[in-house]
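Asks: The feature transmembrane segment is assigned by TrEMBL to 43-63, 75-95, 115-138, 150-169, 253-274, 295-321, 341-363, 383-405, 510-531, 551-578.
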Amino acid sequence: MGCGHKDDKASLASSQIASFSHQPHQPLSTPASKEVWKKGGRMFSILLAVHLALLACTLVSSGAFEKIAVHDYDVFFLLTVMMLIVIIWIIFYLVGTSRGPDAILCKDSHAGPIWLRGGLILFAIFSLVMDVFKIGYYSSFYSCLSAIKIIYPIVQAIFVIIQTYFLWISAKDCVHVHLNVTRCGLMLTLTTNLAVWMSAVTDESVHKAHSKLKKNVTEEIFRWILKAGMRSSSAEECNCNSQICQIFKNGYFWLYPFNIEYSLFASAMVYVMWKNVGRIIDHHSHHIHHLKFRLFRRTFFVGIMLGLIILVSGLGVLIVYEVQVNSSTESSKKSQALTMYYIFNIVCLGLMSLVCIGGSVIYRFDKRDMDRHKNPTRTLDVALLMGAALGQYAISYYSIVAIVASTPRDTISALNLTYALLMIAQHTFQNIFIIEGLHRQPPKEDHKHDSHQKDLYGLTFVNINAVSLRVPDSGSTLAPSAASGTEAIHPSDLVRSLTAPKKMNWRRKFLREISMFLLLSNIILWIMPAFGARPQFDNDTELNFYGDSMWPAIVDICLPFGIFYRMHAVASLLEVYIMS
């Protein structure tokens with residue numbers, strides 16, 4: 001009995017060892033989440049964010065009007081308090097939460113890619129320069145201003161520095177301790193960024209209106225416009241007369257677009273972190289792709305060269321437009337500038353639409369599989385692309401209705417109608433191309449190798465010298481595997497397979513060219529409206545049709561979303577380029 005029992009134990013152990021040897025890569029069990037009700041914690045943090053966002057939106061919108069008893073320094077006070085609370089929470093997270101035992105069990109490889117964090121740092125640098133200009137501007141007449149106007153840019157600069165560092169090192173974290181506190185902190189951070197964005201958009205819109213109407217405005221409108229920069233009650237005492245003061249004032253208004261994009265980029269990254277709180281990632285099913293960004297390799301340079309031509313031409317059009325429309329009072333020069341602007345945009349949007357259609361056709365021949373794994377970053381990218389495009393859709397449809405219903409129709413009206421139609425088509429085709437590219441699996445390195453060469457690519461960890469030592473002097477091949485029946489492999493074949501250059505097929509090359517052309521084109525289409533080229537205010541058709549109050553309100557609400565769409569499309573196209 002004893003010997004039989006020992007034999008059974010030995011056979012059982014040997015069978016277990018054998019089964020384990022046949023499955024060397026068996027995935028370990030995914031740790032269970034410690035959270036009982038994840039939706040409850042998320043719901044509480046969402047409610048907190050909604051109430052804070054509504055409060056901030058109410059104050060920001062009310063502070064823009066003279067007749068409402070809400071001053072701009074009330075808005076600055078609220079934003080300063082919110083940023084200070086976020087700074088305290090970020091320090092608590094970095095010092096306490098993230099360093100706790102079992103705090104971060106896994107990281108989301110898709111969250112916070114290097115190009116997104118690099119763009120965040122770029123916008124953060126310009127935001128800091130804007131804060132320096134704003135501090136210098138308000139310090140020029142500090143004696144007649146509330147102290148909060150000088151404190152606000154100082155706190156905002158500290159907030160930008162700490163938040164950028166936080167997102168750079170923690171964007172991929174999946175936190176598993178202090179879950180509800182972390183969710184509420186992240187939602188507070190997101191709401192603060194959106195509130196700063198709303199304040200910046202309001203200030204910039206009022207400043208643009210001031211620059212357009214400063215030559216012939218009534219006293220009431222003038223006092224309302226002054227609310228963007230200083231209290232109307234002390235406008236006489238706080239005039240910016242010195243040259244250095246004018247430099248600071250013009251400088252920080254020109255840098256507002258970068259601060260606006262920074263707030264939106266940070267909000268997107270914080271939202272992904274919020275989605276990853278308490279998330280368990282199975283690394284065996286969660287594909288991690290280490291992709292290298294090679295800008296000037298494996299391309300025909302057609303997309304880059306054509307995109308650069310569009311970019312340089314657009315900069316020239318922007319300069320001429322600013323000079324002839326914003327600095328000249330002659331109607332003929334204004335008409336010429338509008339005609340030039342519309343022709344350039346029609347050509348650019350037409351080419352982009354055709355290229356996007358061509359890219360979608362190439363996808364029909366692409367053999368890559370669709371990536372159906374859960375990816376909060378990609379889900380957010382798609383939602384932002386579709387949502388931000390609604391702003392430009394709204395402006396285009398309002399323009400179409402105004403042009404068709406108005407008489408008489410001239411050349412500029414025809415160009416404006418074509419521009420609006422192409423804007424709708426280009427947004428639609430580009431969204432289809434980007435979304436399909438984001439859902440594609442990264443390409444395999446080489447599809448033309450035979451079966452034993454494909455297996456060799458997985459042996460990059462093998463020491464080739466050690467393999468060659470196993471080969472007998474008289475033999476030239478490795479011993480075949482009787483169990484698997486694989487073909488004998490020569491060591492030189494192994495070396496050639498591991499060091500052979502990887503070929504790229506024509507589909508990948510064309511997709512890279514298309515992505516790079518669209519990327520550069522979207523950059524110039526972001527620069528033009530962000531830095532003053534806004535024909536919606538200079539074309540009289542829509543203004544006469546909808547009135548002086550309705551049409552500027554429509555543009556002020558919808559245009560920031562259109563500007564954000566362009567910059568987010570640039571980030572998404574860069575990802576499509578790298579994934580191709």
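Quick reminder: no glycine exception, Cβ is built from N, Cα and C everywhere.
Automated prediction, rather than curation, is the source of TrEMBL annotations.
Bear in mind that the values here come from a model prediction, so they are computed numbers and not experimental data.
Can you tell me where each of these features sits in the structure?
Replies: Outside the transmembrane segment (75-95) by six or more residues, the chain places 52, 55-56, 59-60, 63, 148-149, 151-152, 155-156, 158-159, 162-163, 166, 169-170, 182, 185, 188-189, 191-192, 195-196, 199 with a CB less than 8 A from a CB of the stretch.
Listed by sequence, the residues of this chain that lie at least six past the ends of the transmembrane segment (150-169) yet keep a Cβ under 8 A from its Cβ atoms are 76, 79-80, 83-84, 86-87, 90-91, 93-94, 112, 117, 120-121, 124, 127-128, 131-132, 134-135, 138-139, 142, 189, 192-193, 196, 262, 266, 269-270.
Tertiary neighbourhood of the transmembrane segment (253-274): same-chain residues 42, 45, 108, 111-112, 116-117, 119-120, 123-124, 126-127, 129-130, 133, 160, 163-164, 167, 170-171, 173, 183, 186-187, 189-190, 193-194, 196-197, 200-201, 203-204, 207, 376-377, 380, 384, 530-531, 560, 563-564, 567-568, selected by CB-CB distance under 8 Å and a gap of 6+ residues from either end.
Within the chain carrying the transmembrane segment (341-363), a Cβ under 8 angstroms from the stretch's Cβ atoms is held by residues 306, 310, 313-314, 317, 321, 412, 415-416, 418-419, 422-423, 425-426, 429-430, 432-433, 436-437, 440, 507, 510-511, 514-515, 517-518, 521, 524-525, 533, 535, all 6 or more beyond its ends.
Same-chain neighbours of the transmembrane segment (510-531): 254, 257, 298-300, 302-304, 306-308, 310-311, 314-315, 317-318, 321, 345, 348, 351-352, 355-356, 358-359, 362-363, 366, 430, 433, 437, 559, 562-563, 566-567, 569-570, 573-574, 576-577, 580, counting only residues six or more beyond its ends whose CB sits under 8 Å from a CB of the stretch.
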Asks: So which of 43-63, 115-138, 551-578 has the most C-beta pairs under 8 Å when paired with the transmembrane segment (383-405)?
Replies: 551-578
